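Worksheet: one structure, shown below.
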Amino acid sequence: MKRLVLLLLFVAGLLAPAQAARLISQVSNDSVEITSSFDGERMNFFGTIVPDVGSAEAITGPFQVVVVVLGPTQNRIARQMTNNFGIWSNTGQLEFKNFPSYFHVLSSGRLSEITDITTLTTNYILPESHTLVVNTDDWWRSAVYGQQLVRLMTEQGLFGVQENGVNFLSDTFYSARLTLPSNAPPGPYIALTYVFKHGAIIARRSEGFAVRKIGFERFLALSSTQQPLLYGLVCVLLALVTGWFGGVLFKR
Amino acid sequence: MQIYLPIAEMSVNLFFLVGIGGAVGFLSGLFGVGGGFLLTPLLIFSGVPVPVAVASVTGQVVAASTSGALAHYRRGAVDLHLAMYLVLSGVLGAFGGVAVFALLRDAGQLDLVISLGFLILLGSVGTLMLVESSRAILKQRKGIVVRERLPNQHNWIHGLPMRVRFKKSRLYISVLPVLVIGLFIGFVGSLLGIGGGFIMVPALVYLLRVPGNVVIGTSLAQVVAMMAATTVLHAVQSQSVDILLAFCLMVGGTAGAQFGASAGKYLRGEQLRGLLALLVLAVAIRFGLSLVITPSDLFSMAVVGGMR
């Protein structure tokens, strides 16, 4: 009996801070439309931290907010070149299954000051944490390839960490700005928002938005996969007509 | 002005695309080649994914060769019979090339094979053309009248079995070398994203002794038909033909080709061949260096399978 009470107290103690605050948040666009002139899109994430329903105590800061934006996952391969007999060629490769095609972290301060490395890794807030799930006997190799893959993705603008990306406009109201690059892969995206207080997560929320091709671009992309034969024939016809018309136009 | 390419999934400057299409089109009109061997590397160097670049350029080569092929056809300078044999074997070769293309892409060796392929092919063809054209230029300077090879001069290749008469080319030769040439060019063309005109013309002239008045027309007709088939194959198998990318290149290419063709009238044949040889060698050296020089980044990445 005494142990049960202790356990209940312990559980209550664990849950209490998480229940005390609630996050109300919003994404500026719930769909990003890729048109022919698509050149990236600016997005805003904002929200406010409010006391939980039924909680009488006022909430006090200081809070830290981390917004993690995740793109659709793909299987991605990292390859390494080595020099054999004077010629550089790909000799080693490692596949990362279900690797995010887009990953950006916006935070209101330095991640290392917000919380400890374990919390960051287990919640997949650090880019490197996505490379740790590879099943391989050779963990050193997977660590090297994973680190290089994150670097390559960062150079493409698909991965990134902005440690001043979230601004607090008041003690409890924040806003964050993210520019999606033009090479952002289409698909479903998730924005995960974590509220930290003294290094612990006290509230979290996830929102989805979609990046998708619309209109003519969507039509082209769909027909290339659903009617590939017809698509190919139309390509050839277009080429023949363009070539013929060019000849007529310039009277060759 | 940026334009979003739906298959390559990136946005590129429209004027850049039309510009390189036009520049390459000018050179292709000048030299009477498809220009794929210049466009594919240019697109790859400017960040277009290798499969999309190779597959889309095949579409552009169709457009670039169409007006030339039509013009030659009206003049009666196309041996359709010979072209048919070349196209049939070429399409077979293209099937093989597209399949090998997919295999290599999955194994991560596509870039290496493309670089090696361009180096060997362009290097050897470029050297041969340079030697031949500089000899012709030197001989002409010395005042020696160059004797044209007679079309009915035979070599051992013509004596192989299964002889067929090609009326327009005034040839009665074995079809085996014709089929081998078609097969080889179909395979290499679909693998490297080139029309293969710069291999086809020397092969027809030096191996089959096809007379000069039908060589270019027949080669162009073959390129149009074979590249059209390759485009459809790429569209079906790898689904990496970007129609917008191809169209931008076509518009630039067909316009540029007309100016190139008019500029070509001011140069003599051997001068043109010499310049083309230098151009081909430059591209070969560029690919050769990329194999030998330590790359700026030892690591690369690729997506396997589709989006989940």
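Cβ from N, Cα, C; glycine included.
According to TrEMBL:
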type	residues	note
TRANSMEM	B:12-38	transmembrane segment
TRANSMEM	B:50-70	transmembrane segment
TRANSMEM	B:82-104	transmembrane segment
TRANSMEM	B:110-131	transmembrane segment
TRANSMEM	B:171-194	transmembrane segment
TRANSMEM	B:214-236	transmembrane segment
TRANSMEM	B:243-263	transmembrane segment
TRANSMEM	B:275-293	transmembrane segment
Checklist outcome for this item: Outside the transmembrane segment (B:110-131), at least 6 residues beyond either end, the same-chain residues with a Cβ under 8 Å of its Cβ set are 37, 41, 50-51, 54, 101, 104, 188, 191-192, 198-199, 202, 273-274, 276-281, 283-285, 287-288, 290-291
Item to check | Contact yes or no, the transmembrane segment (B:214-236) and the transmembrane segment (B:171-194), 3+ Cβ pairs under 8 Å, gap 6+ | outcome: yes
Checklist outcome for this item: The answer for the transmembrane segment (B:171-194), taking Cβ pairs under 8 Å and residues 6+ beyond its ends, is 34, 36-37, 39-40, 53-55, 57-58, 61, 82, 85-94, 96-98, 100-101, 113-114, 117-118, 121, 151, 157-165, 200, 203-204, 207-210, 222, 226-227, 230, 233-234
Checklist outcome for this item: Contact set of the transmembrane segment (B:50-70) with the rest of its chain, CB cutoff 8 A exclusive, min separation 6+ beyond the ends, reads 5, 7-8, 21, 25, 28-29, 32, 34-36, 39-40, 43-44, 78, 101, 105, 110-111, 114, 189-190, 192-195, 197, 216-217, 220-221, 223-224, 227-228, 230-231, 234-235, 238, 240-243, 245-246, 249-250, 253-254, 257-258, 261
